[in-house]
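Asks: Once you've had a glance at the structure underneath, I'll fire off some questions.
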Amino acid sequence: MRREKGAMCTPVLQFTNCRILRGRKLLREDLWVRGGRILDPERLFFEERLVADEQRDCGGCILAPGFIDVQINGGFGVDFSQATEDVGSGVALVARRLLPHGVTSFCPTLVTSPPEVYHKKEEGVGWDACLRYLCHVLPQIPVKSGGPHGAGVLGVHLEGPFISREKRGAHPEAHLRSFEANAFHDVLATYGPLDNVRIVTLAPELGRSHEVIQALTARGICVSLGHSVANLRAAEEAVQSGATFITHLFNAMLPFHHRDPGIVGLLTSDRLPPGRHIFYGMISDGMHTNPAALRIAHRAHPQGLVLVTDAVPALGLGNGRHTLGQQEVEVDGLTAYVAGTKTLSGSIAPMDVCIRHFLQATGCSVESALEAASLHPAQLLGLEKRKGTLDFGADAAYL
């Protein structure tokens, strides 16, 4: 029965005439939502004895879980690696502008920056005292739920400065760092508190990286391997220490070689810990990765592929010069370069464009393409019960 008028209950919304992605299949079923959660219609009917307050005809379209972008440097003129007095308003703008592209959760990504961008440390005080002072960027990007106001923030992705000089890509060489004797202290001295951090990209060949990986994973932070000249042995040891992700596979790492495939070899390695699942990001924008390379990676390890945009602040803007942290970036057509060079500097393709290109380039199923941008990143971050799925009880973000 329908609830009485005026009853103090959250309304039930029913999406009809749609195909929903559930259990790796597109099913012709209705989707029921209440209060930001997906409902089990049988419990609604037989236990609560309710029907929908509102129905929306989807016209035969696909309903998929919201996309999750775990590597995005900014967009629409907002640079997450620029310390400003109101970082939060920029993050909110990007969160709002991502929704039309299907992204309902993301990890704002900071590229290699000087320590004062990450946090503010006053001169003449020790590290313990420093933690009590106002910081710059990181505390201004708290974890935040998504909704009609914008995509949710899952935590910050810190890409660098603990990366290889040889494979630094668009990261400024002057601010790169290595680990010293007290390695994890170096991490804290660089970043400040890690309360809002979800992912850290580092090069596993750096000395003492394994103790850093262990310390970060013990705090629930995902460690990603990237911007690296590591061989396969070093990459496998990093995974054995707790690393679970590869930052933009093929880009900013040693190319595949048949005698030592490097980090790429993790996709088919037989030396990973039992039950350990490696995930890897791919920038499917038509510029960063050849379609053949996309096909090779997908066919080798389809369940680990995570689509990322690696979008720069120029996303949504036109040709010209823009910023990426401490660097100037020049956008020419569909490509972003470090100004004055031919070094690629992130992407200007939104997630929906990346999914379409991935689908076309690999010839995979629609289900696989959608899951690479939803279920797989959710699994990477341990959120697959709430995000990346349309199972009963999962989050429901819709426009």
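Quick reminder: no glycine exception, Cβ is built from N, Cα and C everywhere.
Pulled these features from TrEMBL for this protein:
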- 62-396: domain 'Amidohydrolase-related' (DOMAIN)
- E159, H227, H248: Zn(2+) binding site (BINDING)
- A170, N251, A252, R259, H288, L344, S345, G346: substrate binding site (BINDING)
- D310: active site, proton donor/acceptor (ACT_SITE)
Asks: Round to the nearest Å and give the CA-to-CA distance linking A252 (substrate binding site) with H227 (Zn(2+) binding site).
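Replies: Distance between the two Cα atoms comes out at 5 Å.
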Asks: Can you check which residue among the binding-site residues A170, A252, L344 has the largest number of Cβ atoms within 10 Å of its own?
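Replies: The most densely surrounded of these binding-site residues is A252.
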Asks: Can you tell which of N251, S345 has the least company, meaning the fewest other C-beta atoms within 10 angstroms of its C-beta, among these binding-site residues?
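Replies: Each of the binding-site residues N251, S345 was scored; lowest Cβ tally within 10 Å is N251.
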Asks: For the domain 'Amidohydrolase-related' (62-396), what's the mean pLDDT in this predicted model?
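Replies: Here the mean pLDDT over the domain 'Amidohydrolase-related' (62-396) amounts to 94.
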Asks: Pull out the recorded positions from the set R259, D310, L344 whose C-alpha sits within 10 Å of the C-alpha of H248 (Zn(2+) binding site).
Replies: D310
Asks: I need the neighbours of the Zn(2+) site defined by E159, H227, H248. Which other residues of that chain put their C-beta within 8 angstroms of the C-beta centroid, in sequence order?
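Replies: Neighbours found: Q71, G160, I163, G169, H171, T201, S224, G226, T247, N251, A252, D310.
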Asks: Taking just the CA atoms, what is the gap between H227 (Zn(2+) binding site) and N251 (substrate binding site) in Å?
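Replies: Pair distance, Cα basis, whole Å: 8 Å.
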Asks: Cα distance, E159 (Zn(2+) binding site) to A170 (substrate binding site), nearest Å?
Replies: 11
Asks: Name, in the order they occur in the sequence, the residues of the same chain whose CB lies under 8 A from the CB of E159 (Zn(2+) binding site) and which sit 6 or more residues away.
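Replies: The list for E159 (Zn(2+) binding site) reads Q71, T109, L110, V111, T112, H171, T201, G226, H227, T247, given in order along the sequence.
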Asks: Taking the residues A170, N251, A252, R259, H288, L344, S345, G346 listed for substrate, what is the greatest CA to CA distance in Å, to the nearest whole number?
Replies: 30
Asks: Name the one residue among N251, R259, L344, S345 whose Cα is closest in three-dimensional space to that of D310 (active site, proton donor/acceptor); these are the binding-site residues.
Replies: S345
Asks: Determine the Cβ neighbour count for H227 (Zn(2+) binding site): the number of other Cβ atoms within 10 Å of its Cβ.
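Replies: Result for H227 (Zn(2+) binding site): 29 neighbouring Cβ atoms inside 10 Å.
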Asks: Identify, among the binding-site residues H248, R259, H288, the residue whose Cβ has the fewest other Cβ atoms within 10 Å in this structure.
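Replies: Fewest other Cβ atoms within 10 Å, among the binding-site residues H248, R259, H288, is found for R259.
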